[in-house]
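A short write-up of the structure that comes next.
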Amino acid sequence: MRMIKLLPPVVALAASLAIMASADTLVQRGDGWTLGEISLTSPYAQRALVPIDGADDMFRFDGNSNWLEAEAGISLDPSRGVAAGAWLALASPPGDTAAIVYLAEDGFLLGLNRWRQPEIRLGGLRVAGNDPLPVGEWVHVAGDYDGETLRLRVDGEEVAQANGDFTDPVEGLFAIGRALDAGFQQGTHPLGVINGVMSEITFRQTDDPVVPRQSPPRPPNLDTPESWFADDPDRPRTFTLGATGWANEPHALTWRNGMWHVYFQANPNGAFWRDIVWGHQTSADLAEWTRQKPALMPTTGFDRRGVWVGNWIPDYDPPSVVYTGVNGEWAGIGLARADEHGSLNLVQVVEHDTPSELQDMRDPWVVRIDDGWLMLIGTGSADHTEALVYSYRSDDGETWKRAGLFDTGGTQMPGQYWELPVLLEMGDTWMLMGTPVVEGVPARTLYWLGSFDGTRFVPDDPEPRQLDILATYRAPTFARGPEGDLIAIGIIADEIRNEQQRHESGWVHVLTPATQLALCGTELRTLCQTFAQPYADRFSQTLDEGKDATQVSFATEGQPILMSAEIDAPGVGLVRIAVRVAADGEPSAELTIDARTGVVQLDYSRGATKPLGRPSIIRGSIDSSDTLKLDLLIDGAAVFGTINGRPLAFLAFAIAQDRNELTLSAENGASIRLYHFAGEEQRL
């Protein structure tokens, strides 16, 4: 390994797309950079390291791929002193200890751990701060060693120190933005990468500390740079997506003070499940959503390995949620309070451990009852043979007592675990919902209708109903709007792409657009949905329409399209919908509906990417009907909508840019009575 000796003058990292003459600024040379005598590249970048807002000293690191790494080894003489520092604005806590500046395993590191506590290391010396660094705000982190004392500084103030001699040379790999010894998740996803914006990164051979200058002149812009996903044909544009990384079960949907808030399980540091925080987005109208900083993050206590699903305590002030926290061995329950912006902070631990008769527990849901509140939480028997719901009760919303297993009235929930329990009043009936964990069977969301007397749910029919047609739309979160409408947002799980494809894309799973739910059918015993009207109103531009046809095709040009159609199929007929069709006529996925039998089939066998977690052909069913009414949104890989009011959702990845054809056909005696393709008004 070629070694470069670190020279005494200050070496500062600053963004510049032009070649700079000064030796103390970052210089871009083709695909690389130089930092004084050090040449750097971004060897693993899936998303480019880009300047933010046109500033020449702010770079956006993505948490998993775009750190900078020296092309040759670096040699540091600690006896002459060393100092480092940077302005940092975190977008999310790191999953592992992440480095602002890193030199050699067991060498030098200035960075922070997964709980946002800053630290500095030099050989066997290590000091760390107790207070977590803020998220979404500028903070200056620095550290130095003068030959005797290692010091850590935050915003210019010393927060920790350790004394010790360290004179051995430090030699090895040098990086900006990643701890290179952090390893990889599942062999694919890099760990230990900064997720946020950094400015004025300084690393120098001196015993003088780095003194922060005035903080950057503007608030940090932590949203996703457009360039990161500009060429991704599969990333939806109108769906509720995390900035980057993993996004899963939405929860705690609420309408408060004129604003919608939705939270979801998120790992902004990569497209994999680990070290979960609460993603947070807000909307005034359910049509346009704004990403916020993570609303709830792990502490060093009972939830140190992740903050999982939680929900609001209804009719309780101040606004508070209960949620599952995990420490890597067992689960507990925390109570967190919301501030005016919807961010949450833990105020007390409701339950430190899982009751011994249960295998685990998660996903609390709270119902208001006459004498207080009832909390339901998903669980399963200790012998893994029965899916169960456990309960807690509270008189005041703060002190919760174990109340034993919740009586579900003989509901026939399959599997060994009940995830995401929901108990919700719907007019003159109640709905109980959950997602069973069944070994070897993909997840699906089931529900029952019945009665609830404050202590016990009694189903009208113990057999469950499936929420959607194909068991691919899951885990909706619910809230009442200002007019009393029941609004839901769910998830379309990515069970198709492998880990490498997920990492390269930088995102996984899709939160659905908001829908309005109601009971439908002749006996009002089925859950049906429609797009929330403000969202549907986005698609006000008619692109094509017609009637009395047997086949129609439309070129989406990669734009989101809302397709509506009414099809006559009196006792017979087959309907085909081919999405993301390539020039050779092969679709990414094809949906067929048999009007006579009600069988709905999703076929991936001719697509560019076959499912990993599901069969290539997935089947479901609807009630047979002489008329089929379709409302389907096609946006990137996501297809979401309804067939005769029943929810339908799936992902169809194109991978390439040329799969833009959409085809609707009616066969075997069926005919398309009406069809309408609509796009967003902004396309005009």
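Each residue's number is its place along the chain shown, starting with 1.
Just so it is clear, glycine is given a Cβ too, placed from its N, Cα and C backbone atoms.
Automatic, uncurated: that is what TrEMBL annotation is.
Keep in mind that this is a model prediction, so the values were computed, not measured.
Per TrEMBL, these features apply:
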- 1-23: signal peptide (SIGNAL)
- 80-201: domain 'LamG-like jellyroll fold' (DOMAIN)
- 207-234: region 'Disordered' (REGION)
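Secondary structure by DSSP for the domain 'LamG-like jellyroll fold' (80-201): 1 helix, 69 strand, 52 coil. Remote same-chain residues near the region 'Disordered' (207-234) are listed as 47-48, 50, 52-53, 55, 57-58, 60, 62, 80-81, 83-85, 87, 89, 91, 136-138, 140, 142, 144-147, 151, 153, 155-156, 196-197, 199-200, 243-244, 291, 293, 505-507, 558, 636-637, 653-657, 659 (criterion: CB distance under 8 Å, separation of at least six residues from the stretch ends). Looking just at the domain 'LamG-like jellyroll fold' (80-201), the mean pLDDT is 95. Assigned with DSSP, the residues of the region 'Disordered' (207-234) fall into helix, strand and coil as follows: 4 helix, 0 strand, 24 coil.
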